[in-house]
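These notes are about the structure you will find just below.
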Amino acid sequence: MNLLSIQPLNRIAIQFGPLTVYWYGIIIGIGILLGLILATREGKKLQVPSNTFTDLVLYALPISILSARIYYVLFEWAYYKNHLNEIFAIWNGGIAIHGGLIGAIVTTIVFTKKRNISFWKLADIAAPSLILGQAIGRWGNFMNQEAHGGPVSRTFLESLRLPDIIINQMYINGSYYHPTFLYESIWNIIGFVTLLILRKGSLKRGEIFLSYLIWYSIGRFFVEGLRTDSLMLTSSLRMAQVMSISLIIISLLLMIYRRRKGLATTRYNELNNNALE
């Protein structure tokens, strides 16, 4: 293998004069669109008005992107304070999922209160869409050659039976790296299937969404330990791992609390439109 012949994939998908469209944005857009279609179809089965998720996305998407970028920039302020012109260059990557999740949850809480709809009902319906979108979105990191792990040998990557297109894209500045984007994407796809199975069971309202938070956080905690570009809370604490542990604990406590207080009595697929549950 002639290492000098390995060239990264072109991050630019389309270019019309000054207009540049990056694969990163296209891939994120595909994830959002598929998630919206999935949530809308499931919502119809549970008597949620057809325009509800479209309206929610129109509010939540820009706020989530903004909060995800702010979250990232704050933890990388040592760099961005000297590169202010790059703060809004999200096509180069650098949006934090946990920041986006915070923005999405806050927006959905406000949205459901104004529409007099159960937050937990919408969150449960959206949970598979969220994790599917995250699984797809990680391939944007692949195109940007970011969110990778530490150095490994080509032999190691070949032992994973990965196609050359992935192995070669993991060749960055003279070294091969762990394709952590792929590990997390696979974990999220398994989580997507798991959530589809769980929602056919006896879980109460809100518990599909909380299960999503737990599942995603478990995978993210371990994958984050392999990454080399983690946002750091301190010199030894990775912010994503702290957030993951926090979300697992909070989600478990919420499940227990809601059941004990009688706040979770409706099963996921019951046609109960009580906005308080």
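First residue shown is number 1, and so on along the chain.
Cβ coordinates are placed from backbone N, Cα and C, and glycine is handled just like the others.
Marked as transmembrane segment by Swiss-Prot on the basis of sequence analysis: 19-39, 56-76, 87-107, 117-137, 178-198, 206-226, 237-257.
With Cβ pairs under 8 Å as the measure, the transmembrane segment (117-137) is packed most heavily against 19-39, out of 19-39, 56-76, 87-107, 206-226, 237-257.
Long-range contacts of the transmembrane segment (87-107) within the same chain, counting only residues at least 6 positions beyond its ends with a Cβ under 8 Å from a Cβ of the stretch, are 20, 22, 24-25, 56, 59-60, 63-73, 75-76, 80, 123, 130, 134, 140-141, 144, 146-147, 220, 231, 239-240, 243.
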